[in-house]
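Have a look at the structure below, then the notes.
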Amino acid sequence: LSVPPEIPKEDGRPKWDNKFQYILSCIGFAVGLGNVWRFPYLCQIHGGGAFLIPYFIALLFEGIPLLYLELALGQCLRKGSIGAWNTISPYLGGVGVGSWMVSVLVSLYYNTVLTWVMWYFINSFQEPLPWSVCPLNENRTGLNKECYESTAVNYFWYRKTLNITPDVTESGTLQWWLILCLATCWAIVYLCTIRGIETTGKAIYVTAIFPYLVLTIFLIQGLTLPGATDGLAYLFTPNLSTLKNPRVWLDAATQIFFSLSLAFGGLIAFSSYNPPKNDCEKDAVTVAIVNSLTSLYASIPVFSVLGFKATTGYWDCLDRNIISIINEFDLPEESILRQNYTTWISFLNSSHPEKIAGLKLKSCDFQEFLDQSVSGTGLAFIIFTQAIILMPGSQAWAILFFIMLFSLGLSSMFGNIEGVFTPLLELRIISKSIPKELLSGIICLISFLIALCFTLGSGSYWIDIFDRYAGSLPLLVIAFFEVIGVVYVYKIKRFSEDVKQMTGRKLNLYWQITWRFISPLLLLIVFMAFVILQIQKSPSYAAWNPKYEGFPMKEEKVYPPWVLAICVLLAILPCVFVPLVALLQLIKRMRRSKEPSFVPPEVFSCQGANG
Amino acid sequence: YTWDANEEYLFKAMVAFAMRKYSRKSTTQISNVLLCNVTDRVSFWFVVTDSSKNVTTVPGSEVEAAIRMNRNRINSAFLLSEKTLQFLKITSTLSPPVEPSTPVWLIVFGVVLCLIVAAIVFLIVAGIQQRKKKNKESTERENLEEKGEVTVTVENGSPCEALDLKAGHVNGVFAADDERFTSL
């Protein structure tokens, strides 16, 4: 009998229906809320078009190599993050556990952000929009005090949505409306991830493509708004002198890193469901480039709308001044227009300076309105909602906008949940008899119960803490150990052979240099810069306190020591698994082998993984 | 619209109407309302006199109360709003926003939640049915195997199952074995 031909072994592992699903899932995971509300902000504060230079350099030397590394790793080993790293080397199993831990922590708070989006979405069906008017106070003589002093949009966000407490230590009560929305969000996540990639693969067609449609609609609408061109000019005008500031380079490196969702284990999980012979090099480059282009594409409507908002704010300021001047001097209506405001002001200032001074006119500076830059939740829930009120047909725009944010966040949640789900499925502790539906149900239920703490009055402060500490530093550490582990422990020569098996091409010089030297070095520099910046100033947060003298400005407060301890714990917990597991393995080895000779780790290669 | 004598006449009429409605005596005439200090800005002072009591002005508080009661009518007569027609020193009573009996968001939320729960139940039931079908198929296959030969046939010292019979080359000479013998 001759040797049987190579029959691909049916190992019962689920696979993608087609390659498009896989690429779309990776893109959906990478493209998230940060592309919409962090990248445009960074562009704005770091000199507009000039920011693209450090951004693309970071993409080239840090983003794409790390992405290729993860995708190739998952495809070669065909296991989730914990199993994959255990297979590379038992001493590196901690890297997998660390990624798993980060995915858990991030899933918890990320879905709460989606809860807020969902709350705004279901409130967008009202006429007028609830964040456009201030409610009345108790005796109906005027507007609610807190709302009147800040704006209606601020009031709806801080009071009606979050019901925020003035301090992180005051927990407040559970907000029942947020609990309902949180339950709905986790139900949606459960629905989409109920059978792993079988179901997320179908859902991703909608959640990954829909945001692009809405962005295009907003692009067209945004460009027709007055003041859009000012906003865009402001965004993209390059100011090359900002490149001298090292902070800009650090922000570019961190933005690329977090934007591509590296070191979560989700990308490893996604590519582990691929057939072994798949060109992951092309996939990695495609995903990275699409992610960056999406960031650029999203910043255009965002900045058109911001320019529109600055223009309307400027016009409102002018109009208010004009009314007070007309009232004071009893001039006929329409005598002072926006265009000749400055000439009138200078004329009146020279002829009646005391009267003008007595009016206490606010200085209207267009640049000042443009400079009000916000990122994160403030951009979406305060600035953008305010701009939406000013557009005609606000309900439709609000509904579209919040569905888009929800889809963006949901497709990233799929990646996070896969990063948690896939390694658990492969653990031998969980027996094969537990159906996938039950496991995903248990994960979603436990996450929902833990995430209830984020629906407290102080919930948004805690989410900031999680975002700043759990979702940043550990990822850098894990990514660093990933690169070092593959290049120096597994040996890049062996990995090169495996990659050649999968893609049919040898690793070219670009990958060799970036994997061996540039990426680990960059990660180390970014990590140290990050830590130094964190240590330099004592961590503080901005609290919304209606009783503060400077209200509606936010009050700067420092974290009390027990909160600081939690921050440090969040940052250290995933990282500590790396040395911990290595230590445990060492102890196990030393106990098992009584001989002083060192037992080499099992020789393993990608080709051996499948048969 | 331009402010002229006709608009002034309308204004006087509205104020008289308000006074009549408030004090419920129909003695206030248009001639009782006096305007003064009209400026280009269209701002002026006005007083209401009481013709029954020898040309004395009606106290300001009464006029204020009358206007506040009929503010809506006065605004609509001029097609203006609270902001564009200002009575200085008369605070406006703001109308509360219309609130439906059930907040709209609860309705939308209910719809969304029902859809999701229905979809989850559907998927779980489909999964259970699929698993039951798979279990039934595998038990049927097991029953057939039990009825067939259980003994391990040995060929040349190695059990048959170990030989990958499917992958072996078929010897062409014996291929048409069945056809050489005539059927009985």
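Quick reminder: no glycine exception, Cβ is built from N, Cα and C everywhere.
Nobody curates TrEMBL annotations by hand; they come from automatic prediction.
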Same-site residue for Na(+) (record: TrEMBL; known: A:Gly28, A:Ala30, A:Val31, A:Asn35, A:Ser259, A:Leu408, A:Ser412; options: A:Asn239, A:Asn278, A:Asn291): A:Asn291
Interface present between the transmembrane segment (A:469-492) and the transmembrane segment (A:562-584) (three or more C-beta pairs under 8 A): yes
Which same-chain residues, if any, lie at least 6 apart from A:Asn35 (Na(+) binding site) yet have Cβ under 8 Å of it: A:Ser259, A:Asn291, A:Thr294, A:Ser295, A:Ala298, A:Leu408
Ranked first among A:49-69, A:174-192, A:369-390, A:469-492 for CB pairs under 8 angstroms with the transmembrane segment (A:438-463): A:174-192
For the transmembrane segment (A:369-390), distant same-chain residues with Cβ under 8 A (at least six beyond the ends): 33, 36-38, 40-42, 44-45, 113, 116-117, 120, 129, 131-132, 151, 153-154, 156-157, 161, 230-231, 234, 302, 305-314, 317, 397-398, 401, 405, 460
Neighbour tally for A:Asn291 (Na(+) binding site), based on other Cβ positions within 10 Å of its Cβ: 24
Sequence-remote partners of the transmembrane segment (A:20-37) [C-beta within less than 8 Å, at least six residues beyond its ends]: 71, 113, 197, 200-201, 204-205, 207-209, 211, 255, 258-261, 266-267, 270-271, 273-274, 283, 286-288, 290-291, 294-295, 298, 302, 375-377, 379-380, 405, 408-409, 411-412, 414-416
Candidates A:174-192, A:204-228, A:248-270; stretch with most C-beta pairs under 8 Å toward the transmembrane segment (A:396-417): A:204-228
Other parts of the chain folded back onto the transmembrane segment (A:49-69), taken as Cβ under 8 Å at six or more residues beyond its ends: 42-43, 236-240, 242-243, 248-249, 252-253, 255-257, 259-260, 262-263, 267, 280-281, 284-285, 287-288, 292, 296, 479, 482-483, 486, 511, 514-515, 518-519, 522-523
Touch test for the transmembrane segment (A:469-492) and the transmembrane segment (A:90-110), at least 3 Cβ pairs under 8 Å: yes
